[in-house]
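Structure record follows, encoded as C-alpha cells.
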Amino acid sequence: MATRKAGSRLETEIERCRSECQWERIPELVKQLSAKLIANDDMAELLLGESKLEQHLKEKPLRQGASPRGPRPQLTEVRKHLTAALDRGNLKSEFLQESNLVMAKLTYVEGDYKEALNIYARVGLDDLPLTAVPPYRLRMIAEAYATKGLCLEKLPVSSSTSNLHVDREQDVITCYEKAGDIALLYLQEIERVMLTNIQNRSPKPGPAPHDQELGFFLETGLQRAHVLYFKNGNLTRGVGRFRELLRAVETRTTQNLRMTIARQLAEILLRGMCEQSYWSPLEEPPYQSPLDDPLRKGANTKAYTLPRRARVYSGENIFCPQENTEEALLLLLISESMANRDAVLSRIPEHKSDRLISLQSASVVYDLLTIALGRRGQYEMLSECLERAMKFAFEEFHLWYQFALSLMAAGKSARAVKVLKECIRLKPDDATIPLLAAKLCVGSLHWLEEAEKFAKTVVDVGEKTSEFKAKGYLALGLTYSLQATDASLRGMQEGLQRKALLAFQRAHSLSPTDHQAAFYLALQLAISRQIPEALGYVRQALQLQGDDANSLHLLALLLSAQKHYHDALNIIDMALSEYPENFILLFSKVKLESLCRGPDEALLTCKHMLQIWKSCYNLTNPSDSGRGSSLLDRTIADRRQLNTITLPDFSDPETGSVHATSVAASRVEQALSEVASSLQSSAPKQGPLHPWMTLAQIWLHAAEVYIGIGKPAEATACTQEAANLFPMSHNVLYMRGQVAELRGHFDEARRWYEEALSISPTHVKSMQRLALVLHQLGRYSLAEKILRDAVQVNSTAHEVWNGLGEVLQAQGNDAAATECFLTALELEASSPAVPFTVIPRVL
C-alpha cells in the first residue's frame, strides 16, 4: 500500500515536471519510480527519451528559418529510448500516442520531414482529445501541430497545379493556427495549476515557481500564421489572427509576445489600413477587402473548430474601438504600459544587452504613438506619454528630441527649451536643435538673452554650412531687434538696432535666395526709418516669394510712410485676396481706409472682421447681452478651428511681436480682468485667449474710428464690448480715456490714462495722451517729464515729439520747442499708417 502511494506521488511529480518543462529533474524521478514500481520500464524509456530531447533542444535551440542539420550523435540515445518504448508495445494507448509525438518531433529535428508527417498520420493528430488531459499533453499536441506545419512548409508540392499550392498553404496555416490556439490553452492551464499549487502549499517554503519558456515550436505556432497571411497578401485574416491572440486571457509567459503582437498590429492599422477598409474587432471581417490580394480567393473565416479553446476577455461595458487610429492608440498604450513595467534600467555591464532590447522595444512603441497621436493633434497627451519614456532616455538623443518636439507642439515652450538644452548636449554638432530653441525663445517665451545664446550657437555650429549660419544670423538679428524694442534708453535702442541690421545683412549675404533674410532686413531698415533702402529689400523678398503675407504688409506700410495711401490700400487688398482671414492685415486696412476712403468704409471693414471672427471660432461670447453696438449681431457660430488663422499677440496692438513690457502687461491684465469678471459675475471666456483678444481689438478699432468722426456714444458702446472681454486691458482703459477726452472730461480722461499706465508703464499712446491732458490742465512740468520718458521708449513717435514741443513752447523754451517740432516733422514724413512693429518678428 505504501509503495502504491509513493508511486502515485512520483507520477504526480513527474507529470508536474513535464507540464512545467523541468526536464533536468526527470532522470532522477525516473530512477525513483523504477526502484519502487515494477513494469514501468517502457514508461521510463519514454520519459528519458523525451527529457534528453528537450535538454538537447534547450542547449542547442532551433532557429526560425534554419533547417535541422540531419542525424546527430547526441540524438542517437534519444531514438534508442523511444524505439524501445514503442517496439515493446506495453504502454497504454495515450502513452503510445505521446511516444509517437516525441518520435515525430525527433524525426523533424533530424531533418526527415516526410517520416514525421507519416507518424502524425498514424497517430491521428486531428483526433487527439483536448479535454480532461494534463497540461503537458496540450503542450505536446500544440508542438505537434507546429511541427507538422513546419514539415509541410519544407516539403515541395507534388504537383504544380495552383489549387494544390493554395490547399497546401491553407493546410500549413491551419496547422499553425491550431498550434497557436492550443498553445494559449496550455499556457493558461499551466499557469492556473501552478497558482493552485502555490496556494495549496504547506507553510514551509518550497521550490520557487518556475518561469515558463515558450520554446521554438510553441513560439512558431503562435507567430507563424499571421506572417504567412501577410506574405500571401491576406491582410484581413492576418489582422483577425492578431486580434484573436490579443483577446486571449494573458499569462506571464505571453506578456512579451502580446506586446510584440500589439505593436505589430498597431503599425499595420496606422500604415496599412484606412478608415474605409477598417472593421471593428467585434464584427465579422468583410468577405472581400481592398486590403487583400485581388487574385486570392476564399472567405476570411476559420476553416476549423476545436473542442476546447483558450479563455478570452469578456464582460459588460468593455471598450471596443470604432476606427483604425483608435484601435492603434489602444494597442500602443497597452504596449507602453507593458514596456514601462518590464523596463531594464540597470547600467551594469551584465545587463547591457537586456537594457538595449528594452530601450529598442520602448522606442518603437513611442515612435508609433507619435504617429497615432500626431494624426489626432493630441500633442498634450503625446508629451505626457513621452515624459513617461524619460526613464529610458539616459544618453538617448532620439527620445529626448521626440519629447522636446511634443512639448513644442503642445505649447509647453518653457519645458521644451529645457529639454532642447539636453538635446544640444547630446548632439552638439546639430544646428537645427539650437535653432528650434531660439525660435521658442524669440516667440511666445520672449527669453531674449537665451535666444541670443542659442543664435550664437547656431552661427558657431553652422560654420560648415552657409544655410545654417545664415539662419543663425537671422535669429541673432531678430533677438537684437526685439531687445531694441524692449530697451528703455534711446542710446541702447539705437545700438541694438545697428547690431540687428548688421546681423540681417550678414544673413542676407550668406543666403541671398532666402526671402526671410531679405524681408527682415527690409523690416529692420523700416523700423530705423530708412524707407528707400527698405523698399528695395522688400521688393527682393517679394521676388523670391511673391505671396508672402508679411512682405506684402511691409510693402503697404512703406508706401503709407511715403503717403501713398491708396497704393498701400491696394497692396493690402491684394494680400487679403490671398489671406482673407489675416487679422493683422485687416487692422491695417481699417487705418488706411480711415485715411483715404473715410470712416464709413473703415466701419464696414470692422463689421466684416466681426463676421470673419464668428465664422472662424467655435466659441461663445461672454459679452453677449443684447446690448452695445449694433455693428453686428453677436451670435457666435462655428465653421473652422482657430489654429488655421494668423494672429498676432494683441497685448499691444502696436507690435505684432511679443516684448517684455507687453508680456508683463498682458499677465497683469489677464489676472485683473479675471478678478473683475468674477466680481461682475460674467461668464468665463472659453478656450484660448487669442480669439478673445482678437475680438476685443476689433471692437477697439471700431471705437477708434468713431472717435475720429466725433461720435462718443458709439465709441463708448464699442469700448464696452471690449471691456466685457478684458475690463483691465490697458488698451481698453486708453480707449475709455480717449472717449472721455472727446467729451471734454479731462480729469476723467487723466484717470483712465493713469490706470492704463499703471498696467503697462511703457504704453506710448497713453503717455502721449496723458501729457496732452496735463498740458490742457496747465501742469506743464509733469507733462514734459512724461513726454521725455515716452521719447526714451519710442524715439520715432512724431506725436510725442510734437507734444513735447507744445509743452516746451508753453513754458517759454522756444529754442528747444523748435527743435522738437522739426524732429516731429522729419519723423512724420516717414511715419507709416500703422507702426512697422505690428508685423510679427518670429523665426
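Cβ coordinates come from backbone N, Cα and C, glycine included.
According to Swiss-Prot, the phosphoserine annotation covers S160, S202, S625, S629, S630, S673, S677, S678, S681. Taken from Swiss-Prot, the feature repeat 'TPR 1' covers 97-131. Taken from Swiss-Prot, the feature repeat 'TPR 2' applies to 219-252, supported by sequence analysis. Look at Swiss-Prot and you will find 363-396 tagged as repeat 'TPR 3', backed by sequence analysis. Annotation source Swiss-Prot lists repeat 'TPR 4' at 397-430, citing sequence analysis. The repeat 'TPR 5' annotation in Swiss-Prot covers 479-514 and rests on sequence analysis. The repeat 'TPR 6' annotation in Swiss-Prot covers 516-548 and is backed by sequence analysis. Taken from Swiss-Prot, the feature repeat 'TPR 7' applies to 549-582. The repeat 'TPR 8' feature in Swiss-Prot is assigned to 696-729. If you look up Swiss-Prot, you'll see 730-763 marked as repeat 'TPR 9', on the strength of sequence analysis. Marked as repeat 'TPR 10' by Swiss-Prot: 765-797. Taken from Swiss-Prot, the feature repeat 'TPR 11' covers 798-831, and the record attributes it to sequence analysis.
Summarised by DSSP class, the composition of the repeat 'TPR 1' (97-131) is 28 helix, 0 strand, 7 coil.
Counting Cβ pairs under 8 Å to the repeat 'TPR 5' (479-514), the stretch among 97-131, 397-430, 730-763, 765-797, 798-831 with the most such contacts is 765-797. Non-local neighbours of the repeat 'TPR 7' (549-582) in the same chain are 515, 519, 522-523, 526, 531, 534-535, 538-539, 541-542, 588-589, 592-593, 595-597, 612, 616, 644-646, 830-834, 836, 838-840; each lies 6+ residues outside the stretch with a CB under 8 Å from one of its CB atoms.
In this model, the repeat 'TPR 3' (363-396) carries an average pLDDT of 88. Here the repeat 'TPR 10' (765-797) is broken down by DSSP into helix, strand and coil counts: 26 helix, 0 strand, 7 coil.
The list of residues near the repeat 'TPR 11' (798-831) in space but at least 6 beyond its ends in sequence, with Cβ under 8 angstroms from a Cβ of it, reads 529, 531, 561-562, 764, 767-768, 771-772, 775, 780-781, 783-784, 787-788, 790-791.
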